[in-house]
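*Asks:* I have a structure here, written as structure tokens, and I will follow up with some questions on it.
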Amino acid sequence: MTNMMKALVKTKPEVGLWMERVPVPEVGPNDVLIRVKKSAICGTDVHIWNWDQWAQKTIPVPMVVGHEFMGEIAEVGSAVTKHHVGERVSGEGHIVCGKCRNCRAGRGHLCRNTLGVGVNRPGSFAEFVCLPEYNVVTIPDDVPDEIAAIFDPFGNAVHTALSFDLVGEDVLVTGAGPIGIMGALVAKRSGARKVVITDINPVRLDLARKLGIDHVVDASKENLADVMRSIGMTEGFDVGLEMSGAAPAFRDMIDKMNNGGKIAILGIAPAGFEIDWNKVIFKMLNLKGIYGREMFETWYKMIAFVQGGLDLAPVITHRIGIDAFRDGFEAMRSGNSGKVVMDWI
């Protein structure tokens, strides 16, 4: 195996990413080297491409980016015992310390020392990515490669949707991006009664309809209260999944929640936006922030959803070779795509 590889690198502090030749990561005793077969573009990667304020504060340059992927193990460290060369795998993109209180209590997703693959350390937009053995997840044979490549965002959807009991509940999802759509599908499959998803992007609303979500609402043209009446809802929503990061959508969600309702918040909202806290208080709402995936309960659940017949393939709207990465980023930046999966092989 050569000691150099192709990778998408943030080589300069400006808009864009560049295909470069960089050294293959060195494998430590507890590490696993993975030959990447497919990788997907995340919203985080778009922030890095755009070199916005968050990226400028967060991303060291140069940096190999990307964290949504699947591949095959190419090499294992001398102390690795649970994985072997040739195994199909994906990986948890949050590297946790294992030493803090939350890690020691089995709550690694709450680690205050988390490092992000493709953010704080070299990522998976490359021919090879190196992860600690702890972070590597075996992919069963009945899970397709391209679906395994989007397990990171699917995990965000599963973690958010399953934060609260959904059986018999009416669920509102704000934001029909890929994660919002997958969250709505999980809610529907987990026993929710009514599942309503809102957005203002016609392409994403059409994608939500294509995937079989029953109640798809264009918030720019339809009044949510009217929709609720038309589908027989006499009270507010029991569970809210905020996936949009849009202040108007979040405010509308709070307004439409039933007393005692529960909201899981994944969408990253603009700093300092206002909500009516009196409604939160007098409705006795429960608000819960969501970041990443539970380690590794979320991974087991999302594998089970796929093995149980949940078809996520339509969420992937663009399948391209890695040399066309600019086209993939253009699709993501336009807002008129679902998931974009890039083939490295």
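Glycine too: its Cβ is placed from the backbone N, Cα and C atoms.
Worth saying up front: this structure is predicted, and the values here are computed from it rather than measured.
Straight from Swiss-Prot, here's the annotation block:
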{"type": "ACT_SITE", "residues": "Thr44", "note": "active site, charge relay system"}
{"type": "ACT_SITE", "residues": "His47", "note": "active site, charge relay system"}
{"type": "BINDING", "residues": "Cys42, His67, Glu68", "note": "Zn(2+) 1 binding site"}
{"type": "BINDING", "residues": "Cys97, Cys100, Cys103, Cys111", "note": "Zn(2+) 2 binding site"}
{"type": "BINDING", "residues": "Ile179, Asp199, Arg204, Leu266, Gly267, Ile268, Ile290, Tyr291", "note": "NAD(+) binding site"}
*Asks:* Can you tell me how far the Cα of Asp199 (NAD(+) binding site) sits from the Cα of Cys103 (Zn(2+) 2 binding site), in Å?
*Replies:* 36
*Asks:* If H, G and I count as helix, E and B as strand, and all else as coil, what does DSSP give for Glu68 (Zn(2+) 1 binding site)?
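*Replies:* Glu68 (Zn(2+) 1 binding site) sits in a strand per DSSP.
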*Asks:* Determine, for the Zn(2+) 2 site, the additional residues of the same chain whose CB lies within 8 Å of the mean position of the CB atoms of Cys97, Cys100, Cys103, Cys111; present them in sequence order.
*Replies:* Val96, Gly98, Lys99, Arg101, Asn102, Arg104, Gly108, Arg112, Asn113, Thr114
*Asks:* Rank the recorded positions His47, His67, Arg204 by how many other Cβ atoms lie within 10 Å of each Cβ and give me the one with the fewest.
*Replies:* His47
*Asks:* Kindly assign His47 (active site, charge relay system) to one of the three DSSP-derived states: helix, strand or coil.
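*Replies:* Helix, per DSSP.
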*Asks:* Using a 10 angstroms cut-off on Cβ to Cβ distances, just flag whichever of Glu68, Asp199 is the loneliest among these binding-site residues.
*Replies:* Asp199
*Asks:* Between Tyr291 (NAD(+) binding site) and Cys111 (Zn(2+) 2 binding site), how far is it from one CA atom to the other, in Å?
*Replies:* 11
*Asks:* Rounded to the nearest Å, what's the C-alpha distance separating Cys103 (Zn(2+) 2 binding site) and Gly267 (NAD(+) binding site)? Just drop the number here, would you?
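*Replies:* On Cα coordinates alone, these residues lie 24 Å apart.
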*Asks:* So if I draw a 10 Å sphere around the Cβ of Thr44 (active site, charge relay system), how many other Cβ atoms end up inside it?
*Replies:* 24
*Asks:* Taking DSSP as the reference, which of helix, strand or coil describes Cys111 (Zn(2+) 2 binding site)?
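*Replies:* Its secondary structure by DSSP: coil.
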